[in-house]
Amino acid sequence: MKKTGNDLLPFIAMVIVQLGYAGSNIVTKIVMDTGMDPFVQTAYRPIFATISIAPFAYFLERKTRPRLTLSVLFQIFFCSIIGITANQYTFCIGLKYTTPTIVCAIDNLIPAFTFLLAVPFGLENLGLRSIAGQAKLIGTIVCVGGAMLLSLYRGPVVIGQLGFQWKYAESSGKDINSGHTNFLLGPFILIISSVTYALWLIIQARVNEKYAAPYSSTLLMFLMASFQCVIISYCVVPKASEWALTPIRAISVVYNGTVCSSLALYLCSWCIEKKGPLYISMFNPLLLVIAAFLSWILLGEKLYIGIVVGSILTVVGLYGFLWGQKKEMEQSENDLKEENKEENELCKADLEL
């Protein structure tokens with residue numbers, strides 16, 4: 001019974017996280033279609049994220065926070081540029097020119113891109129002689145192929161529009177499916193967003209080794225990114241009226257800063273502690289399903305054969321990659337156990353002598 005509870009709570013937590021992310025994509029798409037500039041949207045998000053994460057950093061790490069060195073501070077600054085500023089600008093601009101469904105499909109490329117970037121950094125080995133290594137490589141190729149398919153090919157409509165739309169979607173006066181006139185630009189920018197996030201994961205892993213205070217380092221990243229994004233966005237959009245927050249815009253920036261930053265960070269960190277990082281990645285395809293359903297129901301998105309087949313290929317590739325990663329981890333654990341066993345036997349033999 002206890003084991004069932006331990007399995008159920010992380011599952012519920014990750015479903016909540018995916019619902020939160022899907023809602024963010026829908027609301028962000030709506031406010032940009034109603035006229036909110038993606039640069040303004042990006043500038044507000046780290047500000048509210050900083051405010052919402054501050055209590056976690058203060059209360060959970062005030063007694064365990066290590067000393068902040070100049071070297072670590074510079075790495076956190078670099079992480080803020082790559083993982084927040086560059087990532088969020090490319091995400092919002094990409095979302096403006098495509099649909100939430102395609103956004104979530106391309107998000108499944110992140111583990112594959114992380115693997116490809118980790119190889120030259122010496123953090124991963126191709127290991128093509130093992131089944132696990134082959135599965136990771138094939139999964140990566142299928143993932144990227146699926147993303148290319150949904151980016152370059154539409155084909156006939158599989159599921160058409162519903163007869164009604166959310167009132168905010170109707171008030172935008174735009175057909176979400178007309179965004180496919182830029183269907184090459186949107187996915188291309190989103191792929192860049194996934195690459196920046198994958199690169200951030202690699203750099204952030206180094207930061208965590210030197211500065212074991214994840215909430216504090218995240219707080220510093222969002223604080224630095226707040227200044228970066230406000231300066232950049234003001235240079236691009238200097239008109240004060242463009243920064244005005246209507247009710248739906250205010251909901252969007254507060255929601256993105258709190259639910260998709262502090263709450264998601266806390267729940268994911270807790271699930272990683274309980275179940276490991278691989279467990280988190282397994283829920284990425286659920287985000288695609290939820291976002292596609294909500295986008296169809298609320299925004300009137302049509303689902304084309306290219307999007308459906310490309311999304312399926314991306315998910316299949318992701319699970320193939322994760323299977324290979326799991327097998328590789330199990331092999332490493334078995335090798336470590338064998339080494340420990342041999343050492344124990346040698347020590348035992350020495351004692352007998």
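Here the Cβ of each residue, glycine as well, is placed from N, Cα and C on the backbone.
These numbers come from a predicted model, not from an experiment.
Look at TrEMBL and you will find 12-151, 185-321 tagged as domain 'EamA'. What TrEMBL lists as region 'Disordered' is 333-353. Taken from TrEMBL, the feature transmembrane segment covers 43-60, 72-91, 97-123, 135-153, 183-203, 215-236, 248-266, 278-297, 303-322.
Long-range neighbours of the transmembrane segment (43-60) within the same chain, counting only residues 6 or more positions beyond its ends whose Cβ lies under 8 Å from a Cβ of the stretch, are 84-85, 88, 213, 215-216, 218-219, 222-223, 225-226, 229-230, 232-234, 245, 253-254, 256-258, 261-263, 265-266. Averaged over the domain 'EamA' (12-151), the predicted model reaches a pLDDT of 83. Residues of the same chain lying 6 or more positions beyond the ends of the transmembrane segment (215-236) and with a Cβ under 8 Å from any Cβ of it are 37, 39-40, 42-43, 45-47, 49-50, 53-54, 56-57, 60-61, 65, 73, 76-77, 79-81, 83-85, 88-89, 204, 207-208, 261, 265. Across the candidate stretches 72-91, 183-203, 248-266, 278-297, 303-322, the maximum count of CB pairs under 8 A to the transmembrane segment (135-153) is reached by 303-322. Away from its own ends, the transmembrane segment (303-322) comes close to residues 101-102, 105-106, 108-109, 111-112, 115, 135-136, 138-159, 278, 281-282, 284-285, 288, 292, 296 of its chain (Cβ-Cβ under 8 Å, at least six residues beyond either end).
DSSP places the residues of the domain 'EamA' (185-321) in helix, strand and coil in these numbers: 119 helix, 2 strand, 16 coil.
Across 72-91, 97-123, 278-297, the stretch most heavily in contact with the transmembrane segment (183-203), judged by Cβ pairs under 8 Å, is 97-123.
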